[in-house]
Amino acid sequence: MMKFLLVLFLITITLITMAYSEEHGCIPPFQPCEGVNSRCCGLYVCFNKICLATP
């Protein structure tokens, strides 16, 4: 049950972030990006050419 809730939570956060990115012109999580100065959404940073969450 906890795994299901965690997956549901992560999907919800991703969808909200993607909707936010369309509005503000930033790169959604897990999408390709170029360099450290890329505009990844929220607390995400460009790492290995993909927007990932900060540790």
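Every residue number used here counts from 1 along the chain in the order it is shown.
Note: Cβ is positioned from N, Cα and C throughout, glycine not excepted.
What Swiss-Prot records for 1-21 is signal peptide.
Among the features that Swiss-Prot reports, disulfide bond is placed at Cys26-Cys41 (among others), with the record citing similarity to another entry.
Long-range Cβ neighbours of Cys33 (disulfide bond) (same chain, at least 6 residues apart, Cβ-Cβ under 8 Å): Ile27, Cys40, Cys46, Lys49, Ile50, Cys51. Per Swiss-Prot, the feature disulfide bond maps to Cys33-Cys46 (among others); the stated evidence is similarity to another entry.
Annotated disulfide bond per Swiss-Prot: Cys40-Cys51 (among others), in sequence order. DSSP assigns Cys51 (disulfide bond) to a strand in the three-state reduction.
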Top of the disulfide-bonded residues Cys26, Cys40, Cys41, Cys46 by count of other CB atoms within 10 A is Cys40
